[in-house]
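Notes for the one structure printed next.
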Amino acid sequence: MGETEKRVATHEVRCFSKIKMFLLALTWAYVSKSLSGIYMNTMLTQIERQFDIPTSIVGFINGSFEIGNLLLIIFVSYFGTKLHRPIMIGVGCVIMGLGCFLMSLPHFLMGRYEYETTISPTSNLSSNSFLCMENRSQTLKPTQDPAECIKEMKSLMWIYVLVGNIIRGIGETPIMPLGISYIEDFAKSENSPLYIGILETGKVFGPIVGLLLGSFCASIYVDTGSVNTDDLTITPTDTRWVGAWWIGFLICAGVNILSSIPFFFFPKTLPKEGLQDDVDGTNNDKEEKHREKAKEENRGITKDFLPFMKSLSCNPIYMLLILTSVLQINAFINMFTFLPKYLEQQYGKSTAEVVLLIGVYNLPPICIGYLLIGFIMKKFKITVKKAAYMAFCLSLFEYLLYFLHFMITCDNFPVAGLTASYEGVHHPLYVENKVLADCNRGCSCSTNSWDPVCGDNGLAYMSACLAGCKKSVGTGTNMVFQNCSCIRSSGNSSAVLGLCKKGPECANKLQYFLIMSVIGSFIYSITAIPGYMVLLRCIKPEEKSLGIGLHAFCTRVFAGIPAPIYFGALIDRTCLHWGTLKCGEPGACRMYNINNFRRIYLVLPAALRGSSYLPALFILILMRKFQFPGEIDSSETELAEMKITVKKSECTDVHGSPQVENDGELKTRL
């Protein structure tokens, strides 16, 4: 008997360490995959500028991750449970690393980045063709040299990023469905919310690192080390600036490959957490029988696929959850993917500043919310139903607060000929014949060039030539333009490189926007886990992996892939001025109509989120009559523990045992 107790105790320690170690390894994998994903999102603007592509193509590149995920999600979710899940997760992490490495290759295969400019790196009178010079022919038109047009084919290098992101999506496929199902299979049902909360925290810690990495890389010039940055005429706030995006992808590749190592040492199955509490070994015998039954089912690996699909499609709560998720994810992907671009244009910040602010303000409350709701559900034994009702009310409250964002806005950058007249009067639409004015009509300036300068009068101009400037002093970003005929001020009628900065009032509004985002992020994190628990518990245990995979499949097909594409195309329609390539073709957008941009960015997600509350309300109604498997399992566990107590009491009170046993069964039924 002593040997049996010793064996049970040893098994308890081993079981505890394995399930916790797997949770730790999976959390690390979540950190690495979310690090790569968030870094990719922070670098979208840099990729857009590097390859001179419109936002719609950038959205397609971003959505290509979901395409890669889509290729294998159903296969992995169903057949993956029949195979060695930890090893499949490890292989997926390696593939993610290879995808990140491929995404960094264009930097090494293409030449140096040449931003659109007419300004010479040095200031000397013989090269000042970018200034206002009367009685000259217009020589600043896009070059039509065929040799230079061939060089522009290098812009197709973005295909490497596209393919690399697809491969990264393929590698990410097994991590969530197989990892979640592995924990759900071998963890106590009451521990699942806490474990999932820990995993979600890992998904938040990864973005924290990713945003810090993105902010750092965005502040470094893309060709640092190979060019003299003192000769640059652009700063990180310029829409032509490209940060060192490739450095972060190399780091992400290494982190993903390292995260794969622990999974190759985990067994295919683990003992169910908590089974060691039964000293008679009854539950251990049941577990062994369950293992044998699973082995028999593996011989017919495909026979249950169609019945499972039919069962899931006939589950009303599950199907409504998919509809709700599709609408919500459409909204959140659109908002999050283009949040850096929106803050850059709305509040006049650089990519590095914006990315850092997003990380500092948004991610800590999300992390706290994930841990808090997981702890509360475990500590106070809150049922999935109660948590779902609470999540719905909080989410609706946060949705109403969202409309305050419409009041936290700034005006367009005042650019003469684009968003304002040369007298400084703002006008909403761009009219091309207003780019030229009496003050610069004799300068023979190009109307397509984009070398913005800020005048002493607080008004920006598309170029020093269009500002009527006839002289320049200094070099690089310190260059100053003087004798500008279009600048009417009490000073020297001079201008400096770059757009004019927005005032302190706009900076204060940015703080209000970030505070609102903190509240929204915290409430979102609290409502996310109850919603995910409803998804896990509304389907049968044997259908769990397939159900998770099908849910991911639908959200990718109807949200993850199309959302950034159509949203990017809508953003492109708000562009006021496109960059110009050497062959005269349009490049990346340099200036947006921020009023139209704001309407698209805020209104469309609001409409999508608002429509998602209707199916969510039907879910709450259907849940009243639905018995969740997790709640049944919990009651059966209590009944088993009660029966053990009853057996002990039979030794002293034979007549009392039937009454206690019946009471326990009655409580279970209630």
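Using N, Cα and C of the backbone, Cβ positions are placed for all residues, glycine too.
All protein chains shown were included, and the count of other CB atoms within 10 Å of the CB of Cys469 (disulfide bond) stands at 29. Here Swiss-Prot flags Cys439-Cys469 (among others) as disulfide bond, drawing on sequence analysis.
Other Cβ atoms within 10 Å of the Cβ of Cys445 (disulfide bond), summed over all protein chains shown, number 26. Positions annotated as disulfide bond by Swiss-Prot: Cys445-Cys465 (among others).
Note on Cys454 (disulfide bond): other Cβ atoms within 10 Å of its Cβ, all shown chains, come to 23. Taken from Swiss-Prot, the feature disulfide bond covers Cys454-Cys486 (among others), and the record attributes it to sequence analysis.
Annotated domain 'Kazal-like' per Swiss-Prot: 433-488, in sequence order, evidence recorded as sequence analysis.
Annotated N-linked glycosylation site per Swiss-Prot: Asn124 (among others), in sequence order.
Annotation comment: Swiss-Prot describes Asn135 (among others) as N-linked glycosylation site, evidence class sequence analysis.
Positions annotated as N-linked glycosylation site by Swiss-Prot: Asn483 (among others). There are 15 other Cβ atoms within 10 Å of the Cβ belonging to Asn483 (N-linked glycosylation site).
Among the features that Swiss-Prot reports, N-linked glycosylation site is placed at Asn492 (among others).
Taken from Swiss-Prot, the feature topological domain 'Cytoplasmic' applies to 1-20 (among others).
The topological domain 'Extracellular' annotation in Swiss-Prot covers 41-59 (among others). Tertiary proximity for the topological domain 'Extracellular' (41-59) is limited to same-chain residues at least six positions away from its ends with a CB under 8 Å from its CB atoms, namely 106, 113, 115, 155, 157-158, 161, 210-211, 214-215, 217-218, 222, 239-243, 245, 248-249, 336-338, 340-341, 344, 351, 355, 563-569, 571-572, 579, 581, 586-589.
Taken from Swiss-Prot, the feature topological domain 'Cytoplasmic' covers 81-86 (among others), and the record attributes it to sequence analysis. Applying DSSP to the topological domain 'Cytoplasmic' (81-86) sorts its residues as follows: 4 helix, 0 strand, 2 coil.
Summarising the annotation, Swiss-Prot assigns topological domain 'Extracellular' to 112-155 (among others) and lists sequence analysis as the type of evidence.
According to DSSP, the secondary structure content of the topological domain 'Cytoplasmic' (185-203) in residues is 17 helix, 0 strand, 2 coil. Annotation source Swiss-Prot lists topological domain 'Cytoplasmic' at 185-203 (among others), citing sequence analysis.
Marked as topological domain 'Extracellular' by Swiss-Prot on the basis of sequence analysis: 225-242 (among others). When Cβ-Cβ distances below 8 Å are used as the criterion, the topological domain 'Extracellular' (225-242) is approached by residues 46, 49-50, 112-113, 115-117, 119, 121-122, 218-219, 348-353, 450-452, 475-477, 479, 497-499, 579, 588-591 of the same chain, each at least six residues removed from its ends.
Residues or ranges marked as topological domain 'Cytoplasmic' in Swiss-Prot: 268-311 (among others).
Nonlocal intrachain contacts for the topological domain 'Extracellular' (334-353), taken as residues 6+ away from its ends with a CB within less than 8 angstroms of a stretch CB, comprise 41-42, 44-46, 55, 59, 62, 214-216, 218-219, 235-237, 241, 243, 409-410, 413, 499, 501-502, 506-507, 509-510, 513, 563-564, 567-568, 571, 592, 594, 597-598, 601, 604-605, 608. The topological domain 'Extracellular' annotation in Swiss-Prot covers 334-353 (among others) and rests on sequence analysis.
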Cβ contacts under 8 Å made by the transmembrane segment (204-224) with residues that lie 6+ beyond its boundaries:
30-39, 42-43, 46, 50, 107, 112-113, 232, 236, 241-248, 251, 350-353, 355-356, 358-359, 363-364, 366-367, 370, 525
Given the cut-off of 8 Å on Cβ pairs that are 6 or more apart in sequence, determine whether the transmembrane segment (546-571) and the transmembrane segment (21-40) share at least 3 such pairs.
no
List which of the disulfide-bonded residues Cys439, Cys445, Cys454, Cys465, Cys469 have their Cα within 10 Å of the Cα of Asn483 (N-linked glycosylation site), in sequence order.
Cys469
Cβ-Cβ under 8 Å with the topological domain 'Cytoplasmic' (185-203): same-chain residues at least 6 beyond its ends:
19, 23, 26-28, 30-31, 34, 179, 269-274, 367, 370-371, 373-375, 377-378, 381, 387, 525, 528-529, 532-533, 536, 630, 633-634, 637
For the transmembrane segment (21-40), I need the partner stretch with the highest count of C-beta pairs below 8 angstroms, choosing only from 60-80, 87-111, 312-333.
87-111
List the residues of the same chain that sit at least 6 positions away from Cys486 (disulfide bond) in sequence and have their Cβ under 8 Å from its Cβ, in sequence order, or write 'none'.
Ala416, Tyr422, Ala437, Cys439, Asn440, Gly455, Tyr461, Leu466, Ala467, Gly468
C-alpha of Cys445 (disulfide bond) to C-alpha of Cys454 (disulfide bond): distance in Å?
17
